[in-house]
Amino acid sequence: MITFMNNSDSEDEPCNERTSLMSAESPPVPSYQDGLQASETREAQTHRKRQTGSSRSPNNVADEDASDSDVRVRESALENEEEELTLKYGAKHVIMLFVPVTLCMIVVVATIKSVRFYTEKNGQLIYTPFSEDTPSVGQRLLNSVLNTIIMISVIVVMTVFLVVLYKYRCYKFIHGWLILSSFMLLFLFTYIYLGEVLKTYNVAMDYPTVILIIWNFGAVGMIRIHWKGPLQLQQAYLIMISALMVLVFIKYLPEWSAWVILGAISIYDLIAVLCPKGPLRMLXETAQERNQPIFPALIYSSAMIWTVGMAKPDTAAKGQSQQAWDAEDERENHSSTSHSDSQILDTRSPAPSHPITLEEMEEEERGVKLGLGDFIFYSVLVGKAAATPSGDWNTTLAXXVAILIGLCLTLLLLAVFKKALPALPISITFGLIFYFSTDNLVRTDPLEISV
């Protein structure tokens, strides 16, 4: 038996089945008339909608078709414009990178062919402790592999260390590290290079003149690389620094170890750039998240990026572009979260004195960046091809052309995928294939020529 009790009823009041049913509140039951009225209302609304849809004039339909066609035309025009820009700037960037890479290789090959100091083997790097002066081919191959493992391990450790410093905003330490490296290259290595060139060509020069030349060369380079100056001057100094580093590698790297290191470094570059947790990829992503440029001592840029890396302009300057410049710089200063960030902003170059239009800024931003490590290993391959006893101009030119072809393909892939790509694998692979095939198949015999 089911009982139902209302609050108004007494607890002692008995109830039977009839009184329980009478006191219970039942929901109202919809009647037939209500359902009929609701259905008529829905039919009337549907009929009005159909009349409204059928009453549209042909002009409205034509206008909608015309607007759709205009949208399609604009989309196709934008796609065509994007393709034209890709072709235009793709070809432009190929030339902008071919020139510095070729200049670096020319400096290295010219030095190797003329200065005997860089082809004499009188020592090895501390990173390649195993000697290759053994009669056994197997032992020599093993030593070259061991040297490669040590060299690649050092590169990996130093790269990870740099990424950790950058991630935790240790900008002062990185600046000091790069300044010290640039100082050694621009002063010490340049002094050695100049001395050997003067000795080779039997040019006498007193020490005060040499010191004055080295001081001017190094001081201007330090100012331009780590502070401000013309873009072309920075590019020239970066090419010279790369060439000096290449000559050191060519002199002190054993022959077999150099070839194995070139193959291994291309594989490491592929992993470091494309893997999600690769150190070079993490470095680039961190720089993009913070909207900061990577240090100029590590990167060769084919164009100046005005919107990144500029200090506060003169407040007395007028004009709309100058005011926009101040607003952008103020936002960057407010977005900095540490004292190290302000140090980065303070070392930036000043704003240009002439007003910069939006077209000029977009034109300048379309630049390609190539790591100096890529410059160095490109030229190491060509320099080693020129420095080997069996190396002639055929193998040297073949290696250089192969590197440029690989660089062109890399830039093509860069335009397709529109993300950071490793620059070493394709070029180094082509260079090694062209070098060894040319050295073994296209070698010229002097006796046959004389006959």
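If you go along the chain as it appears here, the first residue is 1 and each next one adds 1.
Any Cβ shown, glycine's included, is placed from N, Cα and C.
Per Swiss-Prot, the feature region 'Disordered' maps to 1-77 (among others).
Annotation comment: Swiss-Prot describes 94-114 (among others) as transmembrane segment.
Within the same chain, residues 127-130, 173-174, 254, 257, 260-261, 264-265, 268, 272, 279-280, 282-283, 286 sit at least 6 positions outside the transmembrane segment (145-165) and bring their C-beta atoms closer than 8 Å to a C-beta of that stretch. The transmembrane segment annotation in Swiss-Prot covers 145-165 (among others), and the record cites sequence analysis as its basis.
What Swiss-Prot records for 173-193 (among others) is transmembrane segment, and it gives sequence analysis as the kind of evidence.
The transmembrane segment annotation in Swiss-Prot covers 203-223 (among others) and rests on sequence analysis.
Per Swiss-Prot, the feature transmembrane segment maps to 230-250 (among others). Only residues 6 or more beyond the boundaries of the transmembrane segment (230-250), in the same chain, are considered here, and those with a CB under 8 A from a CB of the stretch are 100, 103-104, 107-108, 111-112, 118-119, 125, 182, 185-186, 189-190, 193, 220-221, 224, 258, 296-297, 300-301, 303-304, 372, 375-376, 379-380, 383-384, 387.
What Swiss-Prot records for 256-276 (among others) is transmembrane segment.
Taking Cβ-Cβ distances under 8 Å and a sequence gap of 6 or more within the same chain, the neighbours of ASP269 (active site) are LEU280, PRO422, ALA423, LEU424, PRO425. Taken from Swiss-Prot, the feature active site applies to ASP269 (among others), supported by similarity to another entry.
Under the heading region 'Disordered', Swiss-Prot lists 319-354 (among others).
What Swiss-Prot lists as compositional bias 'Polar residues' is 335-346.
Here Swiss-Prot flags 367-387 (among others) as transmembrane segment.
Annotation comment: Swiss-Prot describes ASP374 (among others) as active site. Sequence-distant neighbours of ASP374 (active site) (same chain, 6+ residues apart, CB-CB distance under 8 A): ALA423, LEU424, SER427.
Non-local neighbours of the transmembrane segment (397-417) in the same chain are 86, 90, 93-94, 97-98, 101-102, 105, 109, 368, 378, 381-382, 385, 423, 426-431, 433-435, 437-438, 442; each lies 6+ residues outside the stretch with a CB under 8 Å from one of its CB atoms. Here Swiss-Prot flags 397-417 (among others) as transmembrane segment, drawing on sequence analysis.
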Answer key: the stretch among 94-114, 173-193, 203-223, 256-276 with most Cβ pairs under 8 A to the transmembrane segment (367-387) is 94-114
Long-range CB partners for the transmembrane segment (203-223) (under 8 A, at least six residues beyond its ends), listed in sequence order, are 179, 182-183, 186-187, 190-191, 194-195, 197, 229, 233, 237, 240-241
Sequence-distant residues near the transmembrane segment (94-114) by C-beta distance (under 8 Å, 6 or more away from its ends) are 193, 197, 200, 235, 238-240, 242-243, 246-247, 250, 300, 302-303, 367-368, 370, 375, 378-379, 382-383, 386-387, 396, 400, 403-404, 407-408, 411
The answer for the transmembrane segment (256-276), taking Cβ pairs under 8 Å and residues 6+ beyond its ends, is 128, 130, 132, 140-141, 143-145, 147-148, 151-152, 155-156, 159, 249-250, 377, 380-381, 384, 420-425, 428-429, 431-432
Residues outside the transmembrane segment (173-193) whose C-beta sits under 8 Å from one of its C-beta atoms, at least 6 past its ends, are 111, 162, 165-166, 210, 214, 217-218, 221-222, 225-226, 237, 241, 244-245, 247-248, 295, 297-298, 343, 347
